[in-house]
Amino acid sequence: MTQQTVAMLGTGKMGEAVLAGLLRSGRSADRLLVTVRRPARGAELTEKYGVTVVTTAEAAERADVLAIGTKPQDAGALLDEIRPSLAPGKLVVSLCAGLPTSFFATRLPEGTPVIRVMTNTPALVGQAMTAISPGAHATDEHLAVAEQMFTPLGATVRVPESQQDAVTALSGSGPAYFYLIAEAMIEAGVLLGLPRQVAHELIVQTAIGSATMLRDSGDHPVKLREAVTSPAGTTIAAVRELEKHGVRAALLDALEAARDRAREIAGQAL
Ligand SMILES: NC(=O)C1=CN([C@@H]2O[C@H](COP(=O)(O)OP(=O)(O)OC[C@H]3O[C@@H](n4cnc5c(N)ncnc54)[C@H](O)[C@@H]3O)[C@@H](O)[C@H]2O)C=CC1
Ligand SMILES: O=C(O)[C@@H]1CCC=N1
């Protein structure tokens, strides 16, 4: 199948992760366009990935798929730039947290197909989790294009758009929670007297091992945790402290706050 040309409009942390993931999965650099605000950033991306830097108008004319990689707060201004140059038949794929597909539809020519995705930074290493939702004018064919784009970057799932703010709280922001926990566990290793590098290695490999078991065993996390927790042993002493400090409740509150923030961002942008 001929590769479609994808333009990343706004290539920051997430846009770059998707770009790198696409290249890593075999997409040709001459099928990738990027837009940037700072020329130095454009030069950096060209040097690193061999992609072509274009203006927003050029991207709207040349690309088959326009991926919106700006912050949600900057998307409205970007759409104002895109609208005059957007030929019919282009697919718009939003990476933006919070913004509904209707935000794009009302700012683009009538009938423009829009797909909302929520991916995450492990796209950089082929381990993204991407949730895909069609907007009003997106057909199965458009969904297939989005899936063709994101499946090589990791796993994909289709969800109703009404679930996207929850997805954002779970898997969009999710890597940050795991990194924060890893960071804290490494600090704990240092507190217990281990050299920082050793603590780092122990925690990274423990995270990889635990994640691999979670994925490959198919077992519920409770079962996996119970297998580690020996009667009157060390793990239960730690688990008691985690429960005493409300880690479970903190996570429930944290993810609800992330979901609420996605809604708030959308409310401010509309
Ligand atoms: N960082 C992450 O892990 C995730 C981010 N997202 C979404 O991805 C989007 C980008 O987030 P980040 O990469 O973290 O932010 P970022 O601030 O690193 O990147 C945004 C980029 O867009 C550029 N930009 C803004 N307006 C522009 C314009 N008119 N033309 C060209 N470039 C423009 C900025 O210069 C910046 O480089 C957001 O909408 C966010 O909700 C979604 C999932 C995960
Ligand atoms: O923090 C944010 O708003 C973005 C969306 C999901 C992850 N990062």
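Keep in mind that glycine also has a Cβ here, set from the backbone N, Cα and C atoms.
For reference, TrEMBL has these:
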- Leu9, Gly10, Thr11, Gly12, Lys13, Met14: NADP(+) binding site (BINDING)
- 5-98: domain 'Pyrroline-5-carboxylate reductase catalytic N-terminal' (DOMAIN)
- 161-264: domain 'Pyrroline-5-carboxylate reductase dimerisation' (DOMAIN)
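This view paints the features noted in TrEMBL onto the structure.
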residue	record	Cβ neighbours (10 Å)
Leu9	NADP(+) binding site	27
Gly10	NADP(+) binding site	21
Thr11	NADP(+) binding site	27
Gly12	NADP(+) binding site	15
Lys13	NADP(+) binding site	9
Met14	NADP(+) binding site	23
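Thr11 (NADP(+) binding site) falls outside any helix or strand according to DSSP and counts as coil. Helix first, then strand, then coil: DSSP counts for the domain 'Pyrroline-5-carboxylate reductase dimerisation' (161-264) stand at 89 helix, 0 strand, 15 coil. Same-chain residues with CB within 8 A of the center of the Leu9, Gly10, Thr11, Gly12, Lys13, Met14 CB atoms, the NADP(+) site residues themselves not counted, are Met8, Gly15, Glu16, Gly69, Thr70, Leu95.
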